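Worksheet for the structure shown next.
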Amino acid sequence: MHTVEATLTIDEPEYPTFTRGEHTLTEVITEVITTTPQPSFRPPYAALAPSPVGWSALGPSIAFSTAALLAVVVRWYTKVRLTPGGVRVEEYLVSGAMILSLVVTAVVGLEFHNTGVIHNAADFDATEHRVRPQIGKLVLVSNIFYCAATSLSKAAIVIQYVGIFHDDIYINLRRWCWLVVALITCSAAWGIFGGLFICHPVHKFWEPRTNGVCSSSMVYWVSFGVINTLLDYVVWITPMPVMRKLRLGRRLTGWVYFLGLLGGFICAVSTLRVVLVTVQENADEFTASGVSSATWSSVEADTGILCGSLLCIKPLLNKLCPRLLRDRDPPKDVFHLSRITPSGWRRHDSEEVDLVLDS
């Protein structure tokens with residue numbers, strides 16, 4: 001009987017080798033895993049908060065806040081000393097906006113202090129446990145006060161329109177002004193409460209690892225920014241149809257055009273703020289977007305206050321420079337009159353008016 005020995009040999013299948021140049025697929029996968037940075041958790045405010053707020057943001061904030069504060073002081077002096085009975089509700093609105101704007105500037109200063117060690121994303125990752133909660137609170141506070149300040153300054157300007165165009169022929173304009181005030185109020189409510197409750201619970205905004213939910217910060221920033229910018233344009237163009245019909249002297253017309261250009265600058269700043277922050281946040285440039293937001297928020301609020309205050313200083317200019325806004329050869333249908341007081345006629349009075357004869 002013969003014994004037959006059989007050997008069973010199982011060959012390993014040959015797997016195809018995928019190469020990328022001279023590297024195998026395994027090497028490629030290993031390289032991708034080891035070189036790809038791991039994503040870090042970022043809260044809704046990450047595109048705005050962790051930013052190196054330097055003098056590029058703090059400098060313009062201080063400069064515009066100082067100019068706005070001086071304008072408000074001059075406005076109050078003009079109303080109290082040169083315009084008897086001239087203090088109205090808009091003076092208090094502008095003063096409130098000025099206080100809120102100073103808070104925004106102070107917050108920018110605190111951000112400058114707290115983010116002094118941050119120069120790039122790596123520095124932020126190294127210090128986020130200390131900086132993130134502080135910056136989150138500052139961003140939330142500055143946003144609330146910014147929304148309130150810009151809304152108060154716009155409302156003050158529109159209410160001032162109501163006082164300027166008080167004749168019955170401007171009744172439609174006054175109704176439109178009150179409608180704009182209502183829209184500004186609704187916008188302020190969305191800006192303040194929408195930002196305050198963007199996260200539930202609220203402290204998740206600055207403590208992102210807290211259990212809870214947050215709405216889309218992008219939707220909030222863009223929606224309020226667009227609404228706020230549109231209202232700036234509405235406030236700017238509201239008196240234009242009426243102003244075109246007024247027969248003013250050449251110098252006074254130049255002053256009105258100057259104020260109009262300043263109002264256009266407010267609209268430009270508001271538009272630039274929305275565009276820069278949106279583009280930079282979409283590009284994940286949280287450093288640049290934070291600086292842009294801090295800078296332009298303060299500048300926009302202060303410029304609105306400055307523009308509203310300059311509308312009221314004509315009596316002071318008449319007192320200091322009586323011929324500054326008065327033409328040597330006024331139109332034939334315009335007569336310049338001084339105000340009559342119990343003591344008689346007063347030359348170069350702050351309440352000088354132009355009498356226009358209808359043809």
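If you go along the chain as it appears here, the first residue is 1 and each next one adds 1.
Any Cβ shown, glycine's included, is placed from N, Cα and C.
Heads up, TrEMBL stuff is auto-annotated, nobody curated it.
Taken from TrEMBL as is:
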DOMAIN    75-318  domain 'Rhodopsin'
TRANSMEM  53-77  transmembrane segment
TRANSMEM  89-110  transmembrane segment
TRANSMEM  143-164  transmembrane segment
TRANSMEM  176-198  transmembrane segment
TRANSMEM  218-242  transmembrane segment
TRANSMEM  254-276  transmembrane segment
Applying the under-8 angstroms CB criterion, which one of 53-77, 89-110, 143-164, 254-276 scores highest with the transmembrane segment (218-242)? 254-276
Thinking of Cβ pairs under 8 Å, which stretch from 53-77, 89-110, 143-164, 254-276 has the most of them with the transmembrane segment (176-198)? 143-164
